[in-house]
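Look at TrEMBL and you will find W52, Y144, K274, G307, R391 tagged as substrate binding site. Look at TrEMBL and you will find G112, S113, D245, P308, T309 tagged as pyridoxal 5'-phosphate binding site. Residues or ranges marked as N6-(pyridoxal phosphate)lysine in TrEMBL: K274.
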Amino acid sequence: MSQSDTLFDYKHIWHPYSSMINPHPCYTVISAKGVYLKLKNGKNIIDGMSSWWSAIHGYNHPVLNKALKKQIRKMSHVMFGGITHPAAIALCRQLISLTPKKLDCVFLSDSGSVSIEVAIKMLIQYWQSLGQTRKTFLTIRNGYHGDTFAAISVSDPNNSFHKIYHNILLKNLFADAPVSSFHDNWNNSDIISFTKIIEKNSYKIAGVILEPIVQGVGGMRFYHPTYLKKIKILCEYYSIPLIFDEIATGFGRTGKIFAFEHADVIPDILCLGKSITGGTITLAATLTSRYIANTISQSETNCFMHGPTYMGNPLACAVANANIKILKTNIWKKQVYNIEKQLSTSLLPLIDHPYVIDVRVLGAIGVVECSRSVNMLLIQKFFVEHGVWIRPFKKLIYIIPPYIISTQALNKLTNVIIDALNHDFLFL
Ligand SMILES: Cc1ncc(COP(=O)(O)O)c(C=O)c1O
């Protein structure tokens, strides 16, 4: 990795949410193992982000690597149209056995955002099959469901890219986000906004979509399980299908295998992604009920109109399979429980810090909400210099470490956060 490579990257390569004029510098990672990312200068830093919720068992995991190698010897890819293969069959069996009984039809796709597009298209087609044109979705503010068009259209109108694409997006309905937090008492006024909107518009709503329990990019908010229970009752009353986006929360992150288990509520469509392959290759899945799948299949076209080239990619399926097998040992439960305990002990006292307005912990997620936005450039440099990889946004410093993280490494992550709060220049 030469100086000219770094310069080439800076000049020519677009990174997520970045500008091509004067972009923030990127840190070059040359390898990763366990919870460590190795930088090109040879320094190992502790990863607090699990590569955006995905690398739950850590990097370079021998079981995941073995699954990939075994599969690559057979085939890396084969088209999924008119062809099936053992890795996809085994994965879909696993997904069906891991999720509620009702969800027994699986559509595989490339990424979280695409799995949301798929869910939305499924419901548009579902209503068409029932002889109705419905294209309006109801969701809640502060949501985030990805960066493709349908996904943006159900993400928070102020917090996403609605303004830029205003005239192109589907016109959807947004209820106020619940205020009762996960650990607080339930306040019934939280459901009023949603109730009013669904009552008034039920005739045209194709589906309700939400991130259960944790609203991620929209503020790292943990809301009350009763909210989900109330929403389920309203959706059932009006016969409106409910989509849960568990792309970030799925596979144990909140202390339950799926966040909806905190509320004991089952969706009609479930979107999974990110950690489905343990952070190795992109893959997502949209699961739905036999009833919805059959209704769609009785439409004019007799089929569901979606089919990405890399759908059911064998490498991704094989490694997802291995990832779920690790999860099925249930080791993650103890790991996530321990992380939750340790994060609570070390982060919750920060509530008394003058720059902190809230601290929250749920499962393997720790959030420090500050009173001022971070200076991204400086705080990123500070974290790396102090040996950790934490990528805050706006006023939120949060960590979602790999489940395998040791007590010492987690201690280091939280200590560096505490240290950062004592440096005024890291905040705007
Ligand atoms: C809740 C949620 N839904 C959907 C997405 C989009 O997933 P992807 O980035 O794989 O397209 C994300 C990504 O952060 C997410 O957090």
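Using N, Cα and C of the backbone, Cβ positions are placed for all residues, glycine too.
Recorded features from TrEMBL, shown on the structure.
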residue : record                              : CB count, 10 Å
W52     : substrate binding site              : 16
G112    : pyridoxal 5'-phosphate binding site : 30
S113    : pyridoxal 5'-phosphate binding site : 21
Y144    : substrate binding site              : 21
D245    : pyridoxal 5'-phosphate binding site : 32
K274    : substrate binding site              : 26
G307    : substrate binding site              : 12
P308    : pyridoxal 5'-phosphate binding site : 16
T309    : pyridoxal 5'-phosphate binding site : 10
R391    : substrate binding site              : 15
> Taking the Cα atoms as reference points, how far is T309 (pyridoxal 5'-phosphate binding site) from K274 (substrate binding site) in Å?
Replying inline: 19
> Between D245 (pyridoxal 5'-phosphate binding site) and Y144 (substrate binding site), what C-alpha distance do you get in Å?
Replying inline: 9
> Where ligand 1 binds, which of the binding-site residues G112, S113, D245, P308, T309 are close by, with Cβ under 6 Å?
Replying inline: G112, S113, D245
>> Whole-number answer please: how many Å between the C-alpha atoms of G112 (pyridoxal 5'-phosphate binding site) and K274 (substrate binding site)?
In response: 7
>> Quick check for the class: what is the C-alpha distance, in angstrom and rounded, between Y144 (substrate binding site) and P308 (pyridoxal 5'-phosphate binding site)?
In response: 23
> Distance between K274 (substrate binding site) and S113 (pyridoxal 5'-phosphate binding site) at the Cα atoms, whole Å?
Replying inline: 10
